[in-house]
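Reviewing the structure listed below.
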Amino acid sequence: MAYSAKIGPSILSSDLSCLGSECVRMMECGADYLHLDVMDGHFVPNLTFGHPMVECLRKSVGQDPFFDMHMMVSRPEQWVKPMAAAGANQYTFHIESTTNPGNLIKEIKESGMKVGLAIKPGTTVEELAPWANQIDMALVMTVEPGFGGQKFMEDMMPKVSWLRSQFPSLDIEVDGGVGPDTIHKCAEAGANMIVSGSAVIGSDDPRSVISLLRTVVAEAIQKRSLDR
């Protein structure tokens, strides 16, 4: 199996006035990557930040952290080149936001970034399936995108299980309400990339939370490989 357990704190949950140092703190606490939520006020009602912030963060934290850009925007085509130039590593767009996923996937790859494809809770996993062999990661949202702190939707787990059964080596990410209380369900379903916001960043001991999340996922991956 090609995939491994990776934990990505969602930096939107941090103190935004100290974003650079918060990113460094998360990496020092053992994060495997950083999950950056870009919202445009159109695709989702909330508004966050764009490529100028990403460029500043990249300069501040150096080349090491892997930036997973979660593009909750209505015109994802518009931001591919700016995000690549700003230092993004992976461009994760929503299938609901474009009429031509194939073109967008191609454009993202040509810009030197990895490709993530996300689905909202109301979107079936079958809509993502035709593109699964062309992308690096599938993101199954476990809350409605747009706001932090929502309750984890356990009924999204069959999507994860289906993807894992159909595409055994694909990176599968879950995002929304994931923490120590819900990680076992995500890991058992087959998710290996775990986005966690308040559960990690709001913790008194982020290092131990990240370690716990990773251990649960790694054990599930190992069990799955033994069961095959």
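Using N, Cα and C of the backbone, Cβ positions are placed for all residues, glycine too.
Pulled from TrEMBL, these are the features on record:
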- SER10, HIS70, GLY146, PHE147, GLY148, GLY149, GLY177, GLY197, SER198: substrate binding site (BINDING)
- HIS35, ASP37, HIS70, ASP175: divalent metal cation binding site (BINDING)
- ASP37: active site, proton acceptor (ACT_SITE)
- ASP175: active site, proton donor (ACT_SITE)
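For the pair formed by HIS70 (divalent metal cation binding site) and SER10 (substrate binding site), distance between Cα atoms is given as 10 Å, rounded to the nearest Å.
Residues within less than 8 Å, Cβ to Cβ, of HIS35 (divalent metal cation binding site) and separated from it by at least 6 positions along the same chain comprise GLY8, PRO9, SER10, ILE11, ASP68, HIS70, ASP175, VAL195.
Apart from HIS35, ASP37, HIS70, ASP175, the residues listed for divalent metal cation, the same chain places the Cβ atoms of GLY8, SER10, LEU12, LEU36, ASP68, THR92, LEU139, VAL195 within 8 Å of the centroid of those Cβ atoms. Taking the centre of the Cβ atoms of SER10, HIS70, GLY146, PHE147, GLY148, GLY149, GLY177, GLY197, SER198 as the substrate site, the nearby residues of that chain (Cβ within 8 Å, site residues left out) are LEU12, SER13, ASP37, VAL143, GLN150, ASP175, GLY176. On its own chain, GLY148 (substrate binding site) has SER10, LEU12, SER13, GLY197, SER198 as residues at least 6 apart in sequence with a Cβ closer than 8 Å to its own Cβ. Of the recorded residues, GLY177 (substrate binding site) and ASP37 (divalent metal cation binding site) place their C-alpha atoms 15 Å from one another.
Most Cβ neighbours within 10 Å, among the binding-site residues SER10, SER198: SER10 holds that distinction in the structure as shown. Sequence-distant neighbours of ASP37 (divalent metal cation binding site): residues of the same chain at least 6 apart with a C-beta under 8 Å from its C-beta are SER10, ILE11, LEU12, THR48, HIS70, MET72.
Sequence-distant neighbours of GLY146 (substrate binding site) (same chain, six or more apart, CB under 8 Å from its CB) are MET39, VAL44, PRO45, ASN46, MET72, listed in sequence order. Comparing the binding-site residues HIS70, ASP175, GLY177 on other C-beta atoms within 10 angstroms of each C-beta gives the minimum for GLY177. Residues listed for substrate, SER10, HIS70, GLY146, PHE147, GLY148, GLY149, GLY177, GLY197, SER198, cover a largest CA to CA span of 17 Å.
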